[in-house]
């Protein structure tokens with residue numbers, strides 16, 4: 001009997017981990033598969049988490065009821081957010097269309113010059129086999145032709161995107177309305193102060209449900225802290241890029257800076273997708289000083305990120321760099337962007353599982369850990 005008990009104790013941690021992976025995968029599939037229907041509530045809980053502290057400050061400063069403060073902060077937040085989104089979509093759609101048109105015209109007007117420059121450069125390599133040079137020339141000419149076609153398609157895609165947004169307007173309006181309502185409900189729950197019992201009685205009578213809620217709330221706080229710190233990094237990228245492009249007098253400064261900020265969120269590729277075409281354009285235009293300053297600007301951004309990122313993110317998620325690299329590489333290859341998000345979320349969730357869950361299948365130690373952290 002003791003032998004069987006010992007085997008059960010050894011096997012139980014692995015069973016618990018398998019159950020965790022299974023439950024997490026099912027929950028992730030449900031959330032990602034029903035995103036069209038759960039989107040207002042996801043937006044609602046995100047907005048409520050952002051507005052929690054400002055609303056509490058509003059209550060303390062003006063001594064108003066929680067419901068009224070929640071209504072005011074929610075309406076102000078969505079009024080500002082929706083206005084900025086509408087203005088931003090209209091402005092950036094127009095800018096992207098103009099940029100795509102100008103880019104197509106530039107390649108159309110200068111394609112022959114670029115081709116001649118490349119061919120003259122290749123002709124200097126006398127020791128290379130002629131068939132290899134011909135292959136390189138044909139591939140480069142094809143690349144230039146494809147680039148012009150891609151830019152033209154981008155302009156048409158922007159127009160189609162605007163049309164799709166207009167056609168989906170009823171759904172967008174319904175999402176905004178239900179997001180506002182769910183934000184108010186979540187926010188009211190977050191700021192609700194209903195402590196009828198003292199702290200000792202509350203700990204003694206704390207149910208398993210309350211423990212799970214505490215864990216979920218801490219996960220929420222840490223994840224939003226990570227999002228906040230990463231947003232600071234991305235905003236720094238936007239500011240440095242905007243100032244640098246403005247000094248260099250590069251057209252479409254705001255649009256290109258915003259594109260750098262968005263691309264900075266993507267793994268592996270990043271801002272080089274903006275800087276490399278700019279360097280190529282100014283290089284073939286003979287503006288070599290601008291190319292040098294673009295290289296310097298890109299280096300400054302990378303150095304700034306490498307200095308700030310460890311300091312800002314060290315206390316947020318406790319994920320090792322190896323875990324992040326594995327999540328990015330395996331996730332992107334297995335399931336694309338969705339796979340990457342799944343693995344990163346899985347590692348974050350497993351960190352909290354190791355922190356709070358007792359591998360013997362209960363949460364006896366969970367309350368003590370939470371109690372010690374509160375003290």
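Glycine is treated like the rest: Cβ placed from N, Cα and C.
All TrEMBL annotations are machine predictions without curation.
Per TrEMBL, the listed range annotated as transmembrane segment is 161-187 (candidates: 134-160, 161-187). The feature transmembrane segment, as given by TrEMBL for the ranges 12-31, 112-131, sits at 12-31.
Against the transmembrane segment (223-248), stretch 254-276 shows more Cβ pairs under 8 Å than any other of 12-31, 37-55, 67-92, 161-187, 254-276.
161-187 is the stretch from 12-31, 37-55, 161-187, 254-276, 320-353 with the greatest number of Cβ pairs below 8 Å to the transmembrane segment (67-92).
Between the transmembrane segment (12-31) and the stretches 37-55, 254-276, 288-308, 320-353, it is 320-353 that has the most C-beta pairs under 8 angstroms.
Long-range contacts of the transmembrane segment (37-55) within its own chain (CB-CB distance under 8 A, at least 6 residues past either end) are made by residues 31, 66, 69-70, 73-74, 77-78, 174-183, 185-187, 189-191, 220, 224.
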